[in-house]
Amino acid sequence: FKLKTQQHLLTVVACSQEEKIWDAVRIATYVLVVGLLTFTALMNSVSWYVQEIWETSGHFWQAKWLKLYNFFEGKEWVIFLFGAALVPSLVFWSFNGILMVADVTGKPNFITRYRIQLGKNDPVDTKKLQQAIYTALCNQFFVSFPMLIPMFYLMKWWGNTFSVELPTFHWFLLELSIFTFIEEILFYYSHRLAHLPLLYKHIHKKHHEWTAPIGVVSIYAHPVEHILSNTLPVMTGPMIMGSHIASIAVWFSLALLTTSISHCGYHLPLLPSPEFHDFHHLKFNQCYGVLGLLDYLHGTDTVFRQTKAFERHRVLLSLTPLSESIPDSPKRAE
């Protein structure tokens, strides 16, 4: 009798569990279907609005481009220098000029609160800063700008770079994805190569004089490194794609801006996290890439992933510095 009762209870429990499983499956299916339909409807609506906005703004930018093209009287070399050299340089020095004021004076206070390596560059060594500015300017004028000469003739050979018609927004997004992918590959492997003892001693060590970097240090490097790791990875994508000068100007500006953010030493609200590359300057043998994808695949970010810096490696969406909300673990007493 007891055996039959136990078997009956087990049967009841099994049936109950089976019903719960099927209920869970039905609920999950319902939620997924409703969520998918809602997401599809929203995406269609958003896509329609984006398309409408882009068509309007597209006409605006096309008109501006034609004015600029006519202003330079269609002189391709002048247009190329304006888009590939002047505009990105203005973006780089404008952004870093603001940061250097904070680095030197410690003001405004709200910026210095977001310093990653607390107590470092507070204030920055002015002699080191002057040397960094001098080297950065030399790299721009005597390395980057001369490299634009062969690039100009290659882009002219492609035939699309100086077209009076701008590329579509969707094509530019595709180009931007390809540029980023190419840069990640070329920068990661050239950067790891630069860390080989012989190359590090004679070339890459200059860049690592700054264990707590600042924005302008992004192009503070030996000329050979500036060619192989800083300039070629950024130039290669547009040269392969035969990109329009407008795309080149935006890409070069974004590349200089993002590398400045990566080196700036401040984890500021709404900007990309610089924790990844800042950790590289601190530890030397971790975090070689830009996006971190190849570091993950090659296991060169394992130490980084075990630190508080990794927890802070995200976009800051509040005004509270991450060094306060996610503080470093207290050091053990010796």
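Glycine residues also receive a Cβ, built from the backbone N, Cα and C atoms like all the rest.
Annotations in TrEMBL come from automatic prediction, not curation.
If you check TrEMBL, you get these features:
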type     : residues : note
TRANSMEM : 27-50    : transmembrane segment
TRANSMEM : 77-102   : transmembrane segment
TRANSMEM : 132-154  : transmembrane segment
TRANSMEM : 169-189  : transmembrane segment
DOMAIN   : 178-300  : domain 'Fatty acid hydroxylase'
Summary of DSSP states over the domain 'Fatty acid hydroxylase' (178-300), given as helix, strand and coil counts: 87 helix, 1 strand, 35 coil
Beyond the flanks of the transmembrane segment (77-102) by 6 or more, those residues with Cβ under 8 Å of it: 68-69, 108, 111-112, 124, 129, 140, 144-145, 148, 151-152, 155, 161-162, 214-216, 219, 245-246, 248-249, 252-253, 255-257, 260, 264, 266
Rounded mean pLDDT for the residues that make up the domain 'Fatty acid hydroxylase' (178-300): 95
